[in-house]
Amino acid sequence: MNFFISASLAFFVLSIYTAHYIVELHKTTKDSAERDFVSKTSLYVSIEEEEDVSYSPLQHDYYRDSCPSAERIIRKALKEIYKARPSIAPSLIRLLFHDCFIETSSEKEAPPNLSLKGLDVIAFIKSELENTCPGVVSCADTLALATKEAVSLAGGPKYSLRIGRKDSLVTFKDIAQRELPSPHATLSEILARFASRGFSPQETVSLLGAHSIGITHCTFFQDRLYNFSGTGKPDPELNTGFLQELKSKCPFSASASSPSPFNNEGGYLNFGSRYYRRLLQNKGVMFSDQQLMASEETETWVRAYASDPLLFQRDFIKSMVKLSSYHVLTGPLGQVRTNCSKVLPLN
């Protein structure tokens, strides 16, 4: 099944709700960092984009008349799938990331994406929607809403979405090969890829926090264990004890699909923060992850997110909103596919 181009979200107010803390963000002085006021009951963070959302064609109740049960169908289906297959949460988060980042509908076979999973789940949810509201809910919105639920199920913050995105009319497989950051990418390469889409180093660090959940397969880091940069030796920057742990799980003769032993199980205070704490200990599994410690600026944000999970959650959602806003397609600029792997023929 081919991957599809999602139309991205733009200009909206994002709200995050969890069950244990209230965070009120405020500026203290011009040069001071934002500080969090935390109470013991619940978390609420409101992020409003600088742009005027009144001009956005995306709406919270976009399907109110055409398919009022859309979000309920998606939520129910994903919760049931998650019970039997919790690994679907990181799969969908990654799927949305790639879908928005490279804007392609047939990039599944591109090298950095050979392990992409979750397309079958989106296809199933889309079929459920088609049974109730044929030809109404786009694949782009299906993925965005399913990922929103996945973030929450994985222990991340809850947030609302403006919807009404359309699916692309074309595919760009070649773009996938040129634009996706590799697990072996250097920091300069990573920052350049994100900067080309308007993301700052801080935003890039927060987005890579999505690697905090799920498992990493040996093929993505085995060279760091046995033949780093063709030296025939391990990566000298890798924590020595951690190196031995990884070798025990990924011996030299292991199958490329063998997973690493590290699976961040999430939780409201662990979503993201555990990932950054491991980087501080030189325990980043993939080379590209550990590269976030390669400059003073990115290291500063790694340390900040490692010590302040609520700050990470705020910035992660804000960056996800920005990512989802990239090259939005609405109205006649796109289409609503009935099958997410196939572009509808133009009239």
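Heads up, the Cβ atoms here are built off N, Cα and C, so glycines get one too.
Curation does not apply to TrEMBL; its annotations are automatic.
Using a 10 Å radius centred on the Cβ of His98 (active site, proton acceptor) and all shown protein chains, the other Cβ atoms total 22. Among the features that TrEMBL reports, active site, proton acceptor is placed at His98.
The Cβ of Asp99 (Ca(2+) binding site) has 28 neighbouring Cβ atoms from other residues within 10 Å, across all protein chains displayed. Residues or ranges marked as Ca(2+) binding site in TrEMBL: Asp99, Glu107.
Per TrEMBL, the feature substrate binding site maps to Pro181.
Annotation comment: TrEMBL describes His211 as heme b binding site.
Under the heading disulfide bond, TrEMBL lists Cys67-Cys133 (among others). Under 8 Å, Cβ to Cβ, and six or more positions away along its own chain, Cys67 (disulfide bond) finds Leu129, Thr132, Cys133, Val136, Val137.
Cys340 (disulfide bond) is surrounded by 23 other CB atoms, counting those within 10 A of its CB over all protein chains shown. Feature annotation from TrEMBL assigns disulfide bond to Cys139-Cys340 (among others).
TrEMBL lists Cys218-Cys250 (among others) with the feature disulfide bond.
Annotated domain 'Plant heme peroxidase family profile' per TrEMBL: 57-344, in sequence order.
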Nearest recorded site to His98 (active site, proton acceptor) by CA-CA distance, among recorded positions Cys139, Pro181, Cys218, Cys250, Cys340: Pro181
Segment-level pLDDT (mean, integer) for the domain 'Plant heme peroxidase family profile' (57-344): 84
Cα proximity to Cys340 (disulfide bond), best match among recorded positions Asp99, Pro181, His211, Cys218, Cys250: Asp99
Nearest-integer angstrom distance between the alpha carbons (Cα) of Asp99 (Ca(2+) binding site) and Cys139 (disulfide bond): 11
Surrounding CB atoms that lie within 10 Å of the CB of Cys133 (disulfide bond), all protein chains: 16
Proximal residue to Cys218 (disulfide bond) among recorded positions Cys139, Pro181, His211 (C-alpha distance): His211
